[in-house]
Amino acid sequence: MKKGRRSARSSLLGRIGLLFLGSVALAAILAAGVQFMNLLDADREMDAVVREDAMWAVFQTDRHIRQLHAQAMMITETGNPGYHPRLMRDFDILYSRARLLERGTFRLNLSNDGTLSQHAHEIAAYVVDLAEVMDALQPDDAAYIDRVARLASELDEWRARANQLLLQANAETNQMRVSDRSLRSKTQDNLGWLALVLVGACIGIFLLLTLQVRQLGHAYRRMELQEERSRRHAQRAKAANTAKSVFLATMSHEIRTPLNGIIGSAELLALQALPGDANARLDTISAQAFLLRDLIDGILDFSRLEAGLIDTARSETDLGVLERLLASAFAEQAQGSGLELSIDLPKRHVMVHDARLRQVLVNLIGNGLKFTHSGGVRVRGQILEDGLLRVEVEDDGIGIAPEHVPKLFKDFSQIDNGHARNYEGTGLGLAICRRIVEGLGGRIGVESTPGHGSLFWFELPVAPLPGKDAASLQAQPDDPPATVSGLDILVAEDNPVNLGVITGLLHHLGHRVHAARTGRKAVDLLPSLAPDLVLMDMQMPEMDGLEATRRIRAFDRDIRIIGVTANAFEEDRQACLRAGMNDFLSKPVTARALDAVIRRLHAGRTAPQHPEPSPREQSPPSATGPEDHATAPDAQLNDLAAAMGTEVVLKLIDRFEADLASHRQSLLSAGDAQEPDTPKVQDGVLHNLKGAALTLGLSQTGHEAQRLRGQLPVTAAQIDRLLALAREDLLNARRGLIALAE
């Protein structure tokens, strides 16, 4: 009913709009006609003015010829030369009037046949030639009276001709006026008919548009009915998809549980001393288990890929390690089939979604081995100049007929679908590859000849990391030692959770730790402790890490200082280096990153000019900043649990949860005070909270705290939302740790 009323209102509004626009168009046409008539009248009036000017010139010429003739007759009749000045004055006036006839205005505007123009030219020429005669007249000449008499006789003839010109010009002017009135009348009649035609056309257009609007209304109502049917179908499809998602989620959990047990058992066995060949077999088990997990994840993720939902977050990937992993995983299968498997990927570190890349390669290599009976499978990779990673998987298998190529990348499609199936498979492998590659912004294709094998290729956008290729690693002199332990390290960190994490990681790496809760305390402790290096948090009460570093450098230029902060921006790194720090470490701190920076400094190396982020720090940029792509919660918790033990991490999580109440109180108190430094106080609390959250892998909490730092001062509702996210993160973290312990 509501949609019907909206449709009726829309139809009525459409008709009103058409009527209004039609009226406006008609008024505009009529106004244009009136303006055209006004323009025509103005043009006619201008022509009339010009004609009047021409008539005035003719009239003045006729008048002054008469005056000159009358003056000459007076001198002749009286015989008095004293009238000579008057005679010359009248001639000068006549001469000026005759020049008007000579300019051409008269000829252009009064006559169409040239008669009047000829008469005017003759009169003007006579007056001009008369100037010599007038200049020759001298009053004291004895023949003066006779010459004036002859002049009077000539002027009498030209007076008659001037009078005739005046009469003809007047008649011509009258005729033009009559013609103008006739033309104006015809023009008005024509415009009237045109206006009627335009009005009729507008009415016709309005009727046609009204009919079209009515048809559109019917079409719109049909579309609404179709939309309602589509909505119902979509609801049913959504319900079915939800049921499928629930089923897949359940199956995912059930399948992953025993698989995680296999992987965990393999990792525990790797910690024990095993016979020589047992280690190789254990590596094969681990590699196969991880590949099996990726395959299962690919199948279970198909519904998400089908909906276009794919995680595009990239991380640092060592293609050399990936090459060795694939070679180890498929070596036994290739040897068992009597096939030769060669994998040659660039020895480079690149930014790419490593799991998805591995999944595509597993599918393509597995297909190559499955459909090849003799020969081998060759994998080649190269990084192109336009930032693309191109990988080719070539086999010596059965090949593919051209008519079957379009079916390769379709869902649940297999070429061998006859009564007897020679090869196993779901038909999802290549379809998943296509969805993954296209979802990551790449493309995939195949070239094949029946009986001669196939070449599958794909191209993915990657970001090569400078200084991470094999050549540059070999060029570095004095590689840092494989392990560094037993160092005395001073940790300046005000947040107890962060301090506990860093302390636990350092103990795990075999170092001795001394703690300072403020920058001032670190400066005071340094002379007596004489540590090997300092881990300095950037933001601390009383004295921040930058100022503490400057003061330390005033009396100790050699101590190695590593800056630690949750701000992973380039300007923060530069601020650390300018203050005198030797290197920079962004939170969340992992054992791998911490060990790498310690080994680098212990080997005497300084921070690279353009630091190479760890895999957890690398990710594509987004609108919310680099910290939105920090360590995934599961990965960070796994690292912490592996380095410090599950019980220690659980205690740190409990400590973080206990501090939430004080954080909330500090934020609310600062907001209630409404002091000028309220944003600064709240920013400090949020920064502290963010750093601790990211260190523990509580990504939602850390990201929300960072977002609120850009909306200071924060309200109570925003604070409560932040704490709700924190509690959700804490619950998920505890579940993850308990699962690890089991």
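Using N, Cα and C of the backbone, Cβ positions are placed for all residues, glycine too.
Please treat TrEMBL annotations as automatic predictions, because they have not gone through curation.
Residues or ranges marked as transmembrane segment in TrEMBL: 191-213. According to TrEMBL, the feature domain 'Histidine kinase' maps to 250-464. Look at TrEMBL and you will find 488-602 tagged as domain 'Response regulatory'. Under the heading 4-aspartylphosphate, TrEMBL lists ASP537. Positions annotated as domain 'HPt' by TrEMBL: 645-742. Among the features that TrEMBL reports, phosphohistidine is placed at HIS687.
In the predicted structure, the domain 'Histidine kinase' (250-464) carries a mean pLDDT of 78. Cβ neighbours within 10 Å of the residue listed as '4-aspartylphosphate', excluding its own Cβ and spanning all shown chains: 28. HIS687 (phosphohistidine) has a Cβ environment of 19 other Cβ atoms inside 10 Å. When the Cα atoms are compared, ASP537 (4-aspartylphosphate) and the residue listed as 'phosphohistidine' turn out to be 12 Å apart.
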